[in-house]
Amino acid sequence: MVQGCGNKCVKYFFWLINLLFFILGCVIVGLSIWMLVDKNSLATVASTVKVDLSQILSQVNIQQLNTFLYVAIVIGGALLILGFFGCCGSCCESVCAIIIYFILVLILFVVEIVAIVLYFVKKNDLQQGFVTVWRDELVSKYNSQQQIRQVLDQIQTSLQCCGAAGCSDYVQFGAFPASCQCATLQQQGCANLLWTAFQNNLIYVAFVGIIVLFVEVLAMIFACIIRGAVKEKRSQA
């Protein structure tokens, strides 16, 4: 056992947190794989909790759903792997597992910091890229793909916006959609509107990000404490 009351508390708290990560990862991966294999599983789950998903599912094609599920599997797998090495490192007092855990969390931490820095440095480029993707992947396919048309009509009607950057986006692809009301209103682009909403709510995103970074720093500190205690115990044996 890791010596010292403080070290034991750190060890068991570290083990509990990583056990939760492991369980959460298993649940996410399991549900995602189930939904990939059985396309009717989502409707089954929805019916058990008495939620009507027909309106949502009617506007989401299989490819979009599969992409979301693959991303969920990657996220769940990352949580599962982190939880596994964290539990093994604390429960079995494995220095190797603790080092691997520390490296994985450190990589994740560095990637997140780099992403934050890139956001503030390349903020304007990111906004322009978001507008371009909206125009090229959605607006350009408005007349050719019914599902995209339904989604855009719903967004443009509810948010009172049009296209990516404005009504002019539809000129090269045909007439303005009825959901835009370009004849009577000078409407803002949907991509720009959503980006502005994201910017206005950045404080909440930042709050969540700070919590995540804090947990990761705490996890690395705990990993170092446990590793040091295990090595000290073995040196005294």
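Using the three backbone atoms N, Cα and C, a Cβ is placed for every residue, glycine included.
TrEMBL does not curate its annotations; it predicts them automatically.
For Cys161, the disulfide partner named by TrEMBL among Cys96, Cys190, Cys224 is Cys190. Put simply, Cys180 (disulfide bond) is 6 Å from Cys161 (disulfide bond) when counted between their Cα atoms. Cβ contacts within 10 Å of Cys161 (disulfide bond), excluding its own Cβ and spanning all protein chains shown: 24.
Residues 18, 78, 81-82, 85-86, 89-90, 209, 212-213, 216-217, 219-220, 223-224, 226-227, 230 of the same chain lie 6 or more positions beyond the ends of the transmembrane segment (98-121) yet place their CB under 8 Å from a CB of it. Counting other C-beta atoms within 10 Å of each candidate's C-beta, the disulfide-bonded residues Cys162, Cys180, Cys190 are led by Cys162.
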